[in-house]
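Lifted from TrEMBL, the feature list:
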type	residues	note
DOMAIN	35-59	domain 'C3H1-type'
DOMAIN	62-89	domain 'C3H1-type'
DOMAIN	90-117	domain 'C3H1-type'
ZN_FING	35-59	zinc finger
ZN_FING	62-89	zinc finger
ZN_FING	90-117	zinc finger
């Protein structure tokens with residue numbers, strides 16, 4: 001029913017051109033103003049924004065891995081200069097203070113990450129190299145030996161049976 005006679009990809013509307021050139025975008029009243037609700041500056045992404053700190057759009061640099069806890073409450077004063085993410089992303093939320101401090105959080109709808117304290121314990125570098133003299137009393141993580149009895153002494157992980165709870 002609808003036949004395509006020619007592509008229209010080469011056509012640009014005046015509105016598209018005005019947006020690309022940031023026509024009508026008013027500069028900010030002062031540099032460093034919070035722009036977290038603004039769109040990302042396309043010119044900055046191409047390293048071509050000439051407005052600098054007065055640009056009304058966001059200038060984002062680098063990979064920000066954690067959401068800013070101050071921005072969540074609307075209190076971040078750093079704006080684009082903040083080293084934390086100003087975007088609501090559940091996978092990048094900061095760790096819950098109450099869960100990390102007390103091992104529990106009473107807020108059923110807590111938006112922060114509840115990280116198991118066991119998972120934060122680093123693996124023992126000595127064990128990883130072959131043998132840890134502290135054995136099961138080591139303050140760092142040493143995985144339990146899966147071998148039992150006589151075979152535990154022949155374990156390829158480099159520890160003796162008495163160190164793995166035998």
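Including glycine, each Cβ sits where the backbone N, Cα and C put it.
Secondary structure of the zinc finger (35-59) per DSSP (helix as H, G, I; strand as E, B; remaining residues coil): 7 helix, 2 strand, 16 coil. Per-residue pLDDT, averaged over the zinc finger (90-117), rounds to 86.
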